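K.L.:
Pasting a structure below so you can have a look.
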Amino acid sequence: MALIRKRRLTEQQQRRIQKQQKSRQEEIDTSNDLEGLVVQHYGRQLEVQALSTPDVHPEKPAVSAGEPEPFWKPIELGSVWRCHTRTNLEALVTGDRVKWQADPNTGLGIITAIHPRQSLLTRPDRYHKVKPVAANVSLIVIVFASFPEVAPSLIDRYLVACADADIPALLVLNKMDLVKENDPILDIVQEYKNLGYEVMQTQSSGDVSALSQRLSGETVAFVGQSGVGKSSLINTIVPEAAQKTNIISENSALGQHTTTSTRLIAFGENSALIDSPGIREFGLWHLTTESVQNGFTEIANLVGYCQFRNCTHKHEKQCALREAASKGEILPRRLESYLRLIDEIAEAQQKN
Ligand SMILES: Nc1nc2c(ncn2[C@@H]2O[C@H](COP(=O)(O)OP(=O)(O)OP(=O)(O)O)[C@@H](O)[C@H]2O)c(=O)[nH]1
Ligand SMILES: [Mg+2]
Ligand SMILES: [Zn+2]
């Protein structure tokens, strides 16, 4: 997932939304409202999973003998309904908690209200617009593998995105069956552990119970390059999920973006996994230098110790960052990633 960002609503905004919802609810009969969870969104069409059922279930119409059975979808806990939203409701995304009403005669529902969000992940699309991806995510799992080969700078970008969204990150090295003894990817794993990040190692077809346990109770977004095995891992953790997976063609080690829409899969009592398409391109235009620093704390700690206040950390003498890198106190490749991100932001800001 590209640069994800959590939008915090100001109290005033929240009050305004609540007020709007209240006045809207006064116009419509809310006595049949159910609780629901948006499990998938495509434009204004959504799929909602029932988290509650009516106190009094609607009655199935009686049919006289010989007449055909009319369509009837019972409102069952966990059942999934295609829904529309009331037009004046803001755009909803996967992970949103909603109030909704079901029509068993058509099998369709209508969303009447949205609960306040704990977090909202967004990413810039290629037209530099911010697109919402998922709501209420509490943990981001960054999946990587030795095939397709991982670019550590890509992991750094994901970590910046997580820090910016203020959501904890868990790194998962998948396809352990492809990892040889002394594989260089294990050094990368160790580097991130040394930086204080939580890392786990998995194989999609193997025992993933440690990962399942870690994810229990969380609403988890899986991110990472196409083909690293996000959908495969989800299928092993929740076999009923049946997420589509793809054989990576030999020609295109980058994979095919098999997963094309963001989908939420309920898991256990109180957990959910969100499979989001792999994203290869990253827009950074909406980030600030500060948010990049939040993803590079070991480097941010040194900023300010250079001889020149406006040090570019590229050629100046007595640059605290370069000195630390040459002494091995910070990783030269992390410094490189950091400087590249800072440059990208500066460039994007010049263009705007
Ligand atoms: N050897 C090995 N192959 C794996 C493992 N996990 C997944 N794969 C294979 O990697 C390929 C891609 O897996 P997917 O689960 O589709 O990858 P994805 O991350 O969901 O990809 P996108 O949906 O395109 O973002 C498939 O051929 C999987 O069978 C693993 O642990 N080991
Ligand atoms: Mg997938
Ligand atoms: Zn410097």
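Placement of Cβ uses the backbone N, Cα and C atoms for every residue, glycine included.
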K.L.:
Taking TrEMBL at its word that CYS306, CYS311, HIS313 bind Zn(2+), choose the one of CYS162, CYS319 listed for that site.
P.N.:
CYS319
K.L.:
If one measures from the C-alpha of MET176 (GTP binding site) to the C-alpha of HIS313 (Zn(2+) binding site), what distance in angstrom results, rounded to a whole number?
P.N.:
37
K.L.:
So what's the mean pLDDT when you look at the domain 'CP-type G' (127-282)?
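P.N.:
The answer is 86, the mean pLDDT of the model over that range.
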K.L.:
Round to a whole number and give the Cα-to-Cα distance in Å for the pair CYS306 (Zn(2+) binding site) and GLY224 (GTP binding site).
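P.N.:
Between the Cα atoms of CYS306 (Zn(2+) binding site) and GLY224 (GTP binding site), the distance comes to 35 Å.
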K.L.:
Quick one: what's DSSP say for HIS313 (Zn(2+) binding site), helix, strand or coil?
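P.N.:
HIS313 (Zn(2+) binding site) sits in coil per DSSP, no helix or strand.
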